[in-house]
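Below: one structure, written as structure tokens.
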Amino acid sequence: MESGAPLCNACGEPVGFASSSDGELFVACHGCNYPLCRTCVDEEIREGRSSCFRCGERYMQALDKASKADVNSGGRQTFEGHLNAHEALTDHSSYSPDNGLHARNLSTLSAVGSELNDETGNPIWKNRVDSWKDKKNVKKATKKAEMAQIPLLPCEAVLLHVISLVDINCCYVLTLYCRPSEAWQPLSTIIPISPNKLTPYRTVIIMRLIILGLFFHYRITNPVDSAYGLWLTSIICEIWFAISWVLDQFPKWSPINRETYIDRLSARYEKDAEGNELAAVDFFVSTVDPLKEPPLVTANTVLSILAVDYPVNKVSCYVSDDGSAMLTFETLAETAEFARKWVPFCKKYSIEPRAPEFYFSQKIDYLKDKVQPSFVKERRAMKRDYEEYKVRINALVAKAQKTPEEGWVMQDGTPWPGNNPRDHPGMIQVFLGHSGAHDMEGNELPRLVYVSREKRPGYQHHKKAGAMNALVRVSAILTNAPYFLNLDCDHYINNSKAVREAMCFMMDPEVGRDVCYVQFPQRFDGIDRSDRYANRNIVFFDVNMKGLDGIQGPVYVGTGCVFNRQALYGYGPPSLPAVPKSSFCSWCCSCCCCCGGSKKVQKDQNDIYRESRREDLDAAIFNLREIDNYDEYERSILISQASFEKTFGLSSVFIESTLMENGGMPESANPATLINEAIHVISCGYEEKTEWGKEIGWIYGSVTEDILTGFKMHCRGWRSIYCMPTRPAFKGSAPINLSDRLHQVLRWALGSVEIFLSRHCPLWYGFGGGRLKWLQRLAYINTIVYPFTSLPLVAYCTLPAICLLTGKFIIPTLSNLASVWFLGLFISIILTSVLELRWSGVGIEDWWRNEQFWVIGGVSAHLFAVFQGILKMVAGLDTNFTVTAKASDDAEFGELYVFKWTTVLIPPTTILVVNLVGVVAGFSDALNSGYETWGPLFGKVFFALWVILHLYPFLKGLMGRQNRTPTVVVLWSVLLASVFSLLWVKIDPFLSNSDSSGTEGCMSIDC
């Protein structure tokens, strides 16, 4: 290969020279200098394309000039090589001009070591697009025709860029290339945090780590002999806090932001209505009890899905009713009817959000950006229709409050099959789409499917995780979209383009190859302005998750997540090294020999190593690419030998669907029997002796199945993406009163304890494969050990009161050097927080609320979760904490003032009272002991006030509204009254000095 010559963009071979005498390079197109060799130009003309498909100029001028001389080799890279990110080119080292073969006719299969990348490691764009299109099972015959229809660009719109080519042996000269259109640019980009913000942040983290080491050296080498027990307790607590800080801090070392380009997605995959190539998406909505989860809330979520801005033939909504409630079924029937009016209205006027309850309740100018005169009239009519729809739903809810003795009966007079929620058959009802229902304007509607899995006594149903796995199987039988999005019943789509945002990652051939899911942040409605109990979790979603996105991706949080279906099936990512076909054949032979033959086949060391690595990865089955080249007979042998039925269950239709990487219905599927097959895969015994819940699907074993499921996928080498569109993608509701919030946190913490005590604990699980990055592992370790911080936190919050009551302290008299370490530690803590807020954009009020609730939850819900988790995992005891409502309010944010007494409130209440008493006792002791005790008193009081300030929101929730008297007034009134009372007694202004001296000498009873 000659340095300085261009490469043919079609085959990658040197384009050659126009004349062997003058050495002038062959130029196929003089309009845009698009590099093509003579052979490829000839083939283009034979196929009927005589013009450059970039600028439209005819090739004839180049052919006339090149026909005068022979063509030799040369090279130039095209624009595609700069735009690609990680995919490699074909190895052309085997090409020789003497062998009579042209690279255009050779196989495009490339080897890892022979890939040609640009300076950023990015491969040629054309090969990347071609490899992506080759994976599709549709329209393969029209591929060349589609390439010919790529829109042409005017010459003046061509953009030039400069890049450098790097090969294994040598470097090539700088080359120029042109970019044809916006459609072929990346669908997303990473926006790194500015070094001006990130470098000081990292520097302070390192400084804080060093200061921590010096601080602990001082603390350990300077014990307090007079209070040795208190000193030792404080040292243990502080060491645990330092470890917890490291686990939380370092996964935030490389935070990133991302930006998506929806217009480019549409330009690339939505060329016209008939040629729409956007991937299909299934939506999962789960609900259990309609009396606790209002049907109207679930209906709004469903309506927002049906009206999403996405091709209707690519959308299917599956609603899981795990309580088999007829109320849910009837609500969906009414919702399907109302959707015929609501969906066209939303799409006609680009309504946001597309959940009617939240759209009509917006306190904004709804006429903004609306220019159609008919909008006002149609909006009023739609609001009236929605109110009538609400009345019908409310009537259904009122009727469902009292269950008839004979059970519920459907409209046709037959008993409702789900009258017994613990013993009923599987039920599936298709409301829209499949039945041919259309909206009021005659347009097709997305598919809406009701699913209630079978339940029988004696079977373990695994709650939400089991319901989600049932939806995975049903959707695979009926639609088998390659991606699906799961939502809680109270999380509606707030941004109708949210799915397109996710597809910018999933459908990007470069970025989406190894992505298992795209997680969106959770946003909430109905939270009080001050967010008293940190319901928004702003610090977690806007700080921690951005940090994880810079490593291996965010954790899965249970809702608002778009999944790659193949990742949930236990397949490894495409980057996972594939086992050669020869090793598969030897493995099959060895299995056959073990079963009935006597001949043994020896495996080489490489095969043994690969298999051991695969076992370490805990992958359920093979990578799909390992069986791409097998014929039908070999595939059937593989399915049998790999025990696909033992993995996925006894459904041939479902097993075949798992092998379809790009989704779609299997060719062998019979539409007439699909419903029966779907009923079969949700039977209560289908998962028996399979890998469901163990290696594939949602993983069982914890009430926080979301963390466990995401962790398993990351261990297999997948990565996840964090997507934060400007308009929040989804919004939900959150409990805003104190007791409900603590019980929500209790459930999360209990799930973390269960994972810690299981075989999936990140401390020891998944090391063999080496696919989980170390900082990602630290983040997962932090998610499962944080509840145990409650033990040292309770002890540490009690220490100030003990010190004030006993007159002792945990720190000896400080020297000048020790004062420097303490001051440096406080400054580094403050600087770390300030710089973190600076790069993340989080407000200081949100940060302070997060700090407060970390203490409140730590001394209450997390503490109970630790003991409950240990009892459940070790002794098999499941302790439940009952909640009883004591008061309520119908005003705005009235739920905030609802007081529900529960045992979770006991520890923080005790700590708060003890510290308040300790402050009063400390002042009393200082007044009685003289001025020399005031110095040590300030340190102890500061320690106690730190605890009280962090528990202040808890105190407000405990005291309720207090007739609208601010709690801070009550708190400081009690404290100041106590202190001034002690001062009054000490000074006693009504007692004269003479009386005072007389009484000092009379101390006995006889006086």
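Each residue, glycine too, has its Cβ placed from N, Cα and C.
It should be emphasised that the depicted structure is a prediction, and the values quoted were computed from it without experimental measurement.
Counting only same-chain residues at least 6 apart in sequence, those with a Cβ under 8 Å from the Cβ of ASP322 (active site) are SER286, THR287, VAL288, SER452, ARG453, LYS463, LYS464, ALA467. Marked as active site by TrEMBL: ASP322 (among others).
ASP706 (active site): 24 other CB atoms within 10 A of its CB, across all protein chains. Marked as active site by TrEMBL: ASP706 (among others).
Residues or ranges marked as UDP-alpha-D-glucose binding site in TrEMBL: SER286, LYS292, GLU293, ASP322, LYS463. Residue density at GLU293 (UDP-alpha-D-glucose binding site): 18 other Cβ atoms are found within 10 A of its Cβ, drawing on all protein chains shown.
Taking the Cβ of LYS464 (Mn(2+) binding site) as centre and 10 Å as the limit, one finds 20 other Cβ atoms among all the protein chains shown. Sequence annotations record features per position, and here TrEMBL assigns Mn(2+) binding site to LYS464, ASP488.
What TrEMBL records for 7-61 is domain 'Cellulose synthase RING-type zinc finger'.
Outside the transmembrane segment (785-805), and at least 6 residues removed from its termini, the chain residues within Cβ reach (under 8 Å) are 227, 230, 233-234, 236-238, 240-241, 244, 247, 749-750, 752-753, 756, 855, 858-859, 862-863, 865-866, 869, 907, 911, 914-915, 917-919, 921-922, 925, 940-941, 943-944, 946-947. Positions annotated as transmembrane segment by TrEMBL: 785-805 (among others).
Through the fold, the transmembrane segment (817-835) approaches residues 197, 200-201, 204-205, 207-208, 211-212, 214-215, 218, 222, 249, 847 of its own chain, all at least 6 residues removed from its boundaries and within a Cβ separation under 8 Å. Sequence annotations record features per position, and here TrEMBL assigns transmembrane segment to 817-835 (among others).
Residues 533, 742-743, 745-746, 749-750, 752-754, 756-758, 786-791, 793-794, 797, 881, 903-905, 907-908, 911, 947, 950-951, 953-954 of the same chain lie 6 or more positions beyond the ends of the transmembrane segment (855-875) yet place their CB under 8 Å from a CB of it. Marked as transmembrane segment by TrEMBL: 855-875 (among others).
Feature annotation from TrEMBL assigns transmembrane segment to 896-917 (among others).
Annotation comment: TrEMBL describes 937-955 (among others) as transmembrane segment. Counting only same-chain residues 6+ beyond the ends of the transmembrane segment (937-955), those with a CB under 8 A from a CB of the stretch are 532-533, 738, 797, 799-801, 803-804, 809, 811, 849, 851-856, 859-860, 908-909, 911-912, 915-916, 918-919, 922-923, 925-926, 967-968, 971.
Marked as transmembrane segment by TrEMBL: 967-987 (among others).
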Restricting to the record's UDP-alpha-D-glucose-binding residues (SER286, LYS292, GLU293, ASP322, LYS463), give me the longest CA-CA distance in Å as a whole number.
16
As a test of the contact definition, list every same-chain residue at least 6 positions from LYS292 (UDP-alpha-D-glucose binding site) whose Cβ is closer than 8 Å to its Cβ.
none
Taking the Cα atoms as reference points, how far is ASP706 (active site) from GLU293 (UDP-alpha-D-glucose binding site) in Å?
20
If one looks at the chain holding ASP488 (Mn(2+) binding site), which residues at least 6 apart in sequence have a CB under 8 angstroms from its CB?
VAL285, SER286, GLY558, THR559, GLY732
Ranked by the number of other Cβ atoms within 10 Å of their own Cβ, which of the binding-site residues SER286, LYS463 ranks first?
SER286
Mean pLDDT across the domain 'Cellulose synthase RING-type zinc finger' (7-61), rounded to an integer, is what?
70
